[in-house]
Amino acid sequence: MPFSLGQRWISDTESELGLGTVVGVEGRMVTVLFPATGENRLFSRTEAPLTRVIYNPGDTVESHEEWKLTVTEVEEKDSLIIYHGTHSETGEQVSLRETLLNHNIRFNKPQDRLFAGQIDRLDRFNVRYQCQLLRNKLATSDLLGLQGPRVGLIPHQQWIAHEVGQRFAPRVLLADEVGLGKTIEAGLIIHQQLLTGRAERILVIVPDTLRHQWLVEMLRRFNLRFSVFDEDRCVEAYADHDNPFYTEQLVICSLDLLRKKRRLDQALDADWDLMVVDEAHHLEWSEEAPSRAYQIVEALSEEIPGVLLLTATPDQLGHQSHFARLRLLDPDRFYDYEAFLKEEDSYKDVATAADALASGEILSDESIAGLTQLLAEKDISASITLIQDDAADADSRFQARDELLQDLLDRHGTGRVLYRNSRASVKGFPVRNLHVHPQKMPEQYVTAYRVSSMMNKHLDTNAKVRQVLSPEKIYQDFDSGSAAWWKFDPRVDWLIDFLKNNRSKKVLIIASQAETALSLEEALRTREGIQATVFHEGMSIIERDKAGAYFAQESGGAQALICSEIGSEGRNFQFASNLVLFDLPLNPDLLEQRIGRLDRIGQKNDVEIHLPFLANTAQERLMQWYHQGLNAFECTCPSGHILFNEFSGELLESLLNNDEAVLESLLDGTKARYQELKVAMEQGRDKLLEINSHGGERANQLVKTLADKDEDTQLIGSVIRLWDIIGVEQEDSGENAIVLHPSEHMMFPTYPGLPEDGITVTFDREMALSRDDIALITQEHPLVQTGLDLITSSETGTTSVAVLKNKALPAGTIFLELIYLADASAPKSSQLYRYLPPTPIRVLLDKNGNNLSDNVTYESFNKQLSAVNRHIASKLVNASQAILHPLFAKAESFATTQLETLTECAREKMTSQLSGELERLKALKAVNPNIRDEELSHLSEQMAELNRYLDSSQLQLDAIRLVLVSHA
């Protein structure tokens, strides 16, 4: 290369150094100073990775004094370039020597990089284009946020997430029965809200015992990095901000932290977009005295636009508290408890009509009359005629039924606020089998009972019942807490024998008290050396997690996990199928929560429930009431709380007094009332709610679409090529898994999300679900998203030169391929990307400026191209400059026409979708008060805002490829 002092060159490998100046030429070496950074580089004269910077007429250049010149003539004198042209501010004719060019010049624009000789490899151009297409495809997907999480494709979960996650500031109560996956539903909604930009700051409030579990679940299943906040974390955060909650976007904390006024005030001031409250059945409310927990959540719900409340047992604290939770979501709608009860009574007619439609049978005259009355504001005669016509197309009849069903659900009930799936409507649950193991009452307990009944006559009935249900507690209190009751309790003997006979099986043991759980662990360890671990409220979160992990460990792990009552809230152990209830809780909902730790979707075996109890005691009578009265062991009992409230007086009396006649009367009365409630619930509001909550055929179709996306082999190829280009080491580990490692030769110094010690990934959902240590890769995974961002936000692949070997074309024929992006800058929260995301526009010109892109596809053209080395590529560009400059203007004209078309299509799509939804909601609001005013005003504002953004849409040249025909 001919070098002379003062010439300007740019580094091909370190373009961030800016414009360099030759300051030394000695022998075989050349020294270049890069004034922008103050660094010198020494290069070999024959192999220097440098490109000479020479501008052309029409270009604008900047002097070191920051004035600009539009070049009209380029003169070379003594191996240096002098630019002649027009001063941009004064209009005068001026000259500028290349030594006086601005040092900070960056060749960021594709055309600048092309003419400066900064030409990328052919495969990088291709990967960049594929990345832009992939980003566009992801942004326009109606299922954005649903595919990425590592969860099973379960219809009702995906349906609820799809329905709720697309709303602006959703405010809903997720109340699926135990085991149906409320946490997953909430995670899917959170994931959607974040990916779509509808939410950025999220506060999750959970019981103290579940903080770490939520942290792990959000990361492992949803790739969301939450931070757990406690008092210590808040104190540490003061170093960064006066309000600790502003130091993180995604926060998990407990209600206990927010009981402190200072922390609550800070949380209220933290500008959250979405609040999630788990175990919301603990929020007790009465009109006269709402609980402190309720008041905290109420204050936050008044400040935070989006609210998700999670509970498996809506009525655990009574129907009033259930109403109060709905009141948190929409106080204007749920303003009066008595009015709410009257409205619930009216749901029966709606459910009857919905049943008639859902059955698929010919509608009776009574059903038609009911539907006509319920949908009086709409003419449904054509739909009814179609449904009743046996000769009509089956799909058309189904669609007519479905539309009327949706009209019913839209106009009546709490369908937009409350989602509750029952096991009756969801498939995939195991059989539950009860095994009772009566044991003889030991004399030690008989004595302790006798003494306790004499000494504790002052106790109220509830306290007395709790005592007789836990004889070991009475005995310990009786003997000053030092006695080892487990040495003589026959239930412990049975438990040891059971574990010894089932050594290969994992067993979950639940007892009411932490002291009981600890004593059982001691008994198993000291008497038989059985490996067991304990889980109780006195342990730290990390200790509980370790206990859970030790139990889950297949090889060398604990055979048994012994939980106190907290073990039946929030923790799931469906890898085990044997449950031992060492005692029974005095609450049907708590019993269901215990069983629900194993009886969940994903449980592959029947759940075996073992109940050792002391015969002829309160334990046996409570077992009989649960089993014979409620059938609560082998089936879920949605009416359990109602029955407990109605029969609690008789039940408590029966537990305290061993009277067979009282027990028989109690069991008969409970069974009869249970059947009544079962029939009433079938006929009433719950059935309507189920139809809306599980999604029916629509949910099945949604899951099928997601499953089809999982099989997209094109995505797999694109992602593998992306990692190849970046320089990620990929090692096949068999079983559809790949181990990724950062390499020393990666294109970028860091790859966020790729650990130093590597990560194992798979594109197979089933494998990812079966292996916690393997990440599921979809187009939504952070490793893919980050990889796309690394490529598209850098200069990688913005220029390329290739050769087309085709003897049917004259040698030397030129083609210019340009990739533009149609873009309208807008905040993510505006949802503009749904209508006009950055969209690649391809223009392929011949030397005469004809656009061939409609006739020559990218794929067919790309397959015929061959790479050329960089030195030859630079020469080809320089030789073609006179032809190329006019082509750029023509290409932009073609692209502008396409931009206008895209913008108008986006506007039509936006107007059609949003105005249609707005009109639908306005019509519904007249008959269903669950439609919030905020939703209507948000849609109107969003339409106006999107129109403004679309008006400012523009083109951006993203990449250029020069192609020359060769016969060589």
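Placed from the backbone N, Cα and C atoms, the Cβ positions cover glycine too.
Taken from Swiss-Prot, the feature domain 'Helicase ATP-binding' applies to 163-332. Annotation source Swiss-Prot lists ATP binding site at Asp176, Glu177, Val178, Gly179, Leu180, Gly181, Lys182, Thr183, citing sequence analysis. Feature annotation from Swiss-Prot assigns motif 'DEAH box' to 278-281. Sequence annotations record features per position, and here Swiss-Prot assigns domain 'Helicase C-terminal' to 491-678 based on sequence analysis.
This view paints the features noted in Swiss-Prot onto the structure.
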residue	record	contacts (Cβ under 8 Å, 6+ apart)
Asp176	ATP binding site	His156, Lys182, Glu185, Ala312, Tyr419, Arg420, Asn421, Ser422, Ser693
Glu177	ATP binding site	Ala312, Arg420, Asn421, Ser422, Arg423, Glu592, Thr636, Pro638
Gly179	ATP binding site	Arg423, Phe429, Gly596, Asp599, Arg600, Ile601
Leu180	ATP binding site	His156, Gln157, Asn421, Arg423, Val426, Arg600, Ile601
Gly181	ATP binding site	Val151, Ile154, Gln157, Arg600, Ile601
Around Lys182 (ATP binding site), how many other C-beta atoms are within 10 angstroms of its C-beta?
26
Can you give me the average pLDDT across the motif 'DEAH box' (278-281), rounded to a whole number?
88
Give the residue counts of the motif 'DEAH box' (278-281) per reduced DSSP state, in the order helix, strand, coil.
2 helix, 0 strand, 2 coil
Looking only at DSSP and grouping its letters into three states, which state does Val178 (ATP binding site) belong to?
coil
Taking 8 Å from the centroid of the Cβ atoms of Asp176, Glu177, Val178, Gly179, Leu180, Gly181, Lys182, Thr183 as the cut-off, which other residues in that chain fall inside it around the ATP site?
Ala312, Asn421, Gly596, Arg600
Around Val178 (ATP binding site), how many other CB atoms lie within 10 A of its CB?
21
